[in-house]
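Before any comments, here is the structure.
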């Protein structure tokens, strides 16, 4: 008899019910629990999958390049990037009638196409790509690279090429290689590409495979580098009237610190970005030589973490930052969940920072004027950030349950956090309650007085502290005259600002009023930022409580023996349902989605006003609840509701359909979240009974006995539907409402 799925668990493979499939899906990624898994084997398998992961990413990027080169309008778009819509790919759909074909024939194509809202056209244009041939070459190169990585993944699973456990556990050499190689050298390579290819292309000089070895990126060559006269590379930058992609107004500088934006493209100066990547490369290559390896020189991380020396030589401290870190080296180095938790937290934070910086300081030429792309990229990165952060806390909780050793960590920061968890959790609870009641109280008060026809009775609070911070960065609108908004202040006159390096470009940008840098803020912003604070603190409260109580609580001291996810400990211990670390993750996901919803609503509505030249609507309507419901959500769903109407369809119809479909998926989630096992078991048994007694239908038999989902599984299915529906609904709303206004 053939082995049944799943191969990784003989126990499950022999289960006669449909549990087999569901539990296999649930434990598929829980490699530690698989049959015959050793620690060494686990590390080797995870290592090999990294190659596969990178190969898939290259394959995906290759497909973007290929489809745009084949079916897109890259060469036409370059000629007029502000007015021509970039095409992602063609649409072949046998259901399309004449109206649909006409509606989706857009962007200068003569067949139905999808418009691209990812910003890849702007990126390729900025980094020096100019022809479809460039795109095809990139696609083929990435395809070859993907094959190399797939082979490398396979190779590292062969007995002779499997790294040993000690290799995986040598933290210092890995850190050196990742810092110097992964970050340092790749940043250096990117700086090289910008200097040798992108900057010349932006000045109308083509650099290709045929001439890149013979074309000097700077007229002085390497002489200034070797003679220490580095300032030459910064002199003669592009002028304010430079036309991107031509030599008109172009300079010769390759490494600058101009600050602000290129006036025509409204993106950061390419020469500033090359300088930035070169600086990053230098820092990280130095950092990659700091840690002790076989040569016995450099820092030992274990010694640093265990050290009790003070900052001043001869003094003592409790440890790094005056906090006890002893025992952390082995705890971290021997727990994949600890490592994954920290990496996800770091990556989640960075992803949110990317969302903020991509619109405030756009790096790609003309992307600032592609409003739908700006909205899509901000929303995309903020959504990814919340999921990464949720994962960080989830794996942190699994670490507490599976990997934490109280003896090894006695008296260090982990031990301390566990010992005063009540204080941490109650403070988070207090601040969430405070923010919730006060923020909602203000919104509800304002809502009521507006409804009663006395809007002048609203409680409106100016965000004076935030305005002070904006002013100190150079925003003069508020008249606060502090730091960079005061030409006589020390911030303004200190070197290198006074040396006219970057300050003028920055001040022009922050005070321009047409970009998204330090937006003008008022009472509506004050209120919504307190709503964000409420949502973030509540999400963190649920996650932190779930992680810190994962090993045990007063109610259930032996919780860690039940693992990361368990439904209840039976009727004998009443009240032990819904308190596993998994349940905290489950509840926190709803709050995280709530948070990212409010954040993206705010960002989008605020920007719609700026882009349409009507900031008054946001300022006036955002201070009360009905303003948000009516003037943001309802008013902007008009395009979606009109996707199909009695007169036929238009190119927003696909988003109208997705909007409806998203609601359907979202609503399906409640079926799993609200009705529980007994209902489903009875329903399944009734359906099976009917099936087995229906002619023809009863010729087909399900081999496994149908069993309802467990409570935890039904929650997971419900949560997944809720999340996917939420994402699809807002994505359709965002793109249709923005594209409907700006094309």
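Heads up, the Cβ atoms here are built off N, Cα and C, so glycines get one too.
Taken from Swiss-Prot, the feature [4Fe-4S] cluster binding site covers 568, 577. Residue 577 ([4Fe-4S] cluster binding site) carries neither a helix nor a strand DSSP state and counts as coil. Every protein chain considered, the tally of other Cβ atoms within 10 Å of the Cβ of residue 577 ([4Fe-4S] cluster binding site) stands at 14.
DSSP assigns residue 663 (chlorophyll a B1 binding site) to a helical segment in the three-state reduction. Sequence-distant neighbours of residue 663 (chlorophyll a B1 binding site) (same chain, six or more apart, CB under 8 Å from its CB) are 725, 729, listed in sequence order. Look at Swiss-Prot and you will find 663 tagged as chlorophyll a B1 binding site, backed by sequence analysis.
Here Swiss-Prot flags 671, 679 as chlorophyll a B3 binding site, drawing on sequence analysis. Under the three-state DSSP scheme, residue 671 (chlorophyll a B3 binding site) falls in the helix class.
The local packing around residue 680 (phylloquinone binding site), expressed as other Cβ atoms within 10 Å of its Cβ over all shown chains, amounts to 17. Annotation note: residue 680 (phylloquinone binding site) sits in a helical segment as assigned by DSSP. Marked as phylloquinone binding site by Swiss-Prot on the basis of sequence analysis: 680.
Beyond the transmembrane segment (46-69), the same-chain residues lying 6 or more positions past its ends with a Cβ under 8 Å from any Cβ of the stretch are 31, 86-89, 116, 118, 120-121, 132-133, 135-136, 138-140, 142-143, 145-147, 149-150, 152-154, 156-157, 163, 168, 336. According to Swiss-Prot, the transmembrane segment annotation covers 46-69 (among others), on the basis of sequence analysis.
Positions annotated as transmembrane segment by Swiss-Prot, on the basis of sequence analysis: 135-158 (among others).
Under the heading transmembrane segment, Swiss-Prot lists 175-199 (among others).
Residues or ranges marked as transmembrane segment in Swiss-Prot (evidence: sequence analysis): 273-291 (among others).
Sequence annotations record features per position, and here Swiss-Prot assigns transmembrane segment to 336-359 (among others).
Under the heading transmembrane segment, Swiss-Prot lists 375-401 (among others). Only residues 6 or more beyond the boundaries of the transmembrane segment (375-401), in the same chain, are considered here, and those with a CB under 8 A from a CB of the stretch are 117-119, 335, 337-338, 340-342, 344-345, 347-349, 351-352, 354-355, 358-359, 543-544, 546-548, 550-551, 560, 563-564, 581-582, 584-585, 588-589, 592-593, 595-596, 599-600, 603-604, 607, 727, 730-731, 734-735, 738.
Annotation comment: Swiss-Prot describes 423-445 (among others) as transmembrane segment.
Non-local neighbours of the transmembrane segment (526-544) in the same chain are 390, 393, 424-425, 428-429, 431-432, 435-436, 438-439, 442-443, 461-463, 466, 584-585, 587-588, 591-592, 594-595, 598-599, 602, 622-623; each lies 6+ residues outside the stretch with a CB under 8 Å from one of its CB atoms. Per Swiss-Prot, the feature transmembrane segment maps to 526-544 (among others); the stated evidence is sequence analysis.
Summarising the annotation, Swiss-Prot assigns transmembrane segment to 584-605 (among others).
Residues 100, 103-104, 637, 639-644, 709, 714-715, 717-733, 735-736, 739-740 of the same chain sit 6 or more residues outside the transmembrane segment (652-674) yet have a Cβ under 8 Å from a Cβ within it. Annotated transmembrane segment per Swiss-Prot: 652-674 (among others), in sequence order, evidence recorded as sequence analysis.
Long-range contacts of the transmembrane segment (716-736) within the same chain: residues 26, 117, 372, 375-376, 379, 383, 586, 589-590, 593, 597, 600, 604, 636-637, 639-640, 643, 652, 655-656, 658-659, 661-673, 709, each at least 6 residues beyond the stretch ends and with a Cβ under 8 Å from a Cβ of the stretch. What Swiss-Prot records for 716-736 (among others) is transmembrane segment, and it gives sequence analysis as the kind of evidence.
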Exercise. So which of 135-158, 273-291, 336-359, 423-445, 584-605 is most in touch with the transmembrane segment (175-199), counting Cβ pairs under 8 Å?
Worked result: 273-291
Seminar exercise, completed: Quick note, residue 680 (phylloquinone binding site) and residue 577 ([4Fe-4S] cluster binding site): C-alpha atoms separated, nearest Å, by 20
Exercise. If you skip the near sequence neighbours and keep only those at least six away, which residues in the chain come within under 8 angstroms of residue 568 ([4Fe-4S] cluster binding site), Cβ to Cβ?
Worked result: 576, 577, 578, 711
Exercise. Other than its own, how many Cβ atoms are within 10 Å of the Cβ belonging to residue 671 (chlorophyll a B3 binding site)?
Worked result: 14
Exercise. Residues of the same chain, at least six outside the transmembrane segment (423-445), with any C-beta under 8 angstroms of its C-beta?
Worked result: 417, 458-459, 461, 527, 530-531, 533-534, 537-538, 540-541, 544-545, 548-549, 623-625
